[in-house]
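**Q** Features from TrEMBL:
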{"type": "BINDING", "residues": "11, 12, 13, 14, 15, 16, 128, 174", "note": "ATP binding site"}
{"type": "BINDING", "residues": "32, 37, 58, 59, 60, 86, 87, 88, 89, 93, 134, 146", "note": "AMP binding site"}
{"type": "REGION", "residues": "31-60", "note": "region 'NMP'"}
Ligand code: AMP
C-alpha cells in the first residue's frame, strides 16, 4: 500500500498533482478542503461549521477534521492507498493520522512537499480565484492569512515527517508534467 502526504502551501499545486497521481497509481484522493467544500455545497451542519473558518482563511478545529478523515478512511474499501492532500495541517492532525492508519494496519509511506516561493503562490491563487468560485481565493487579505497560517501552524508538520525519515521536498515551480515526473520518481522509490 502506498500512503502519501502531498504537502505544501495553498497554491502549491497539490490538487493538480493529486489528480494525475490518482490516475497513474490508482490511489484514493483524500482532500480535506474538497470534503469541506462538498459539505458546504450540501448545506450539512459540518459544512456550516467549517464555512466560518474557511471564509476567513483559518483552520477548522483539529477534532472536526480528524473525525471527518477517520470517517472517510473507514468507509473506503479495497483502496490501493491514499493521497492525503491538505491534511495533516497541524502536528496534532499528523499524530492522529498515524494512530488511525495503524488501527487499520496502514502507515504513511512518505511526505512529498512542493516548494513554491510566496510571490508565485499569491499569483497562482489569484488566477485560480477567477474561476474557482472560492471565497478564500478572491481576497488579498484572506490569501495572506492562509499563507501566514501555513507558515505558523502547518510548516511544523514537515518536521514531524522529517524526524521519521519520511520527508522529501520537490521544486513546485515549472511545468505540470515535469513536476509530476519528479513526484513519480519519489513514489516509485517507496
Ligand atoms: P484547501 O482546499 O486545502 O486549501 O482548504 C481550504 C480550507 O479548508 C482551509 O483554508 C481551511 O479553512 C479548511 N481546511 C482544509 N483542510 C484542513 C485541515 N486539514 N485542517 C484544518 N482546516 C482545513
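Glycine is no exception: its Cβ is also placed from the backbone N, Cα and C atoms.
What's the neighbourhood like for these features in this structure?
**A** Taking a C-beta cut-off of under 8 Å and a sequence gap of six or more, residue 128 (ATP binding site) has these contacts in its own chain: 11, 134, 137.
Residue 134 (AMP binding site) carries neither a helix nor a strand DSSP state and counts as coil.
Away from its own ends, the region 'NMP' (31-60) comes close to residues 14-15, 18, 68-69, 72, 85-87, 89-90, 134-136, 142-143, 145-146, 149, 153 of its chain (Cβ-Cβ under 8 Å, at least six residues beyond either end).
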**Q** For the binding-site residues 13, 14, 15, 58, 89, which one has its C-beta crowded by the most other C-beta atoms within 10 angstroms?
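**A** Selected residue: 14.
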**Q** Give the residue from the binding-site residues 16, 32 that has the most other Cβ atoms within 10 Å of its Cβ, counting over every protein chain displayed.
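**A** Answer returned by the neighbour count: 32.
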**Q** Determine the C-alpha span of the AMP site listed in the record, that is the greatest distance between any two of 32, 37, 58, 59, 60, 86, 87, 88, 89, 93, 134, 146, in Å to the nearest whole number.
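**A** Largest Cα to Cα distance for the AMP-binding set is 24 Å.
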**Q** CB neighbours of residue 60 (AMP binding site) within 10 A?
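**A** Looking across every protein chain shown, the total is 19.
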**Q** Is any of 14, 60, 87, 174 (binding-site residues) within Cβ reach of ligand 1, i.e. under 6 A, and which?
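**A** Once distances to ligand 1 are taken from each Cβ, 60, 87 fall under 6 Å.
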**Q** Based on the record's binding annotation for ATP (11, 12, 13, 14, 15, 16, 128, 174), what whole-number value in Å is the widest Cα to Cα distance?
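**A** Result: 17 Å between the two most distant Cα atoms.
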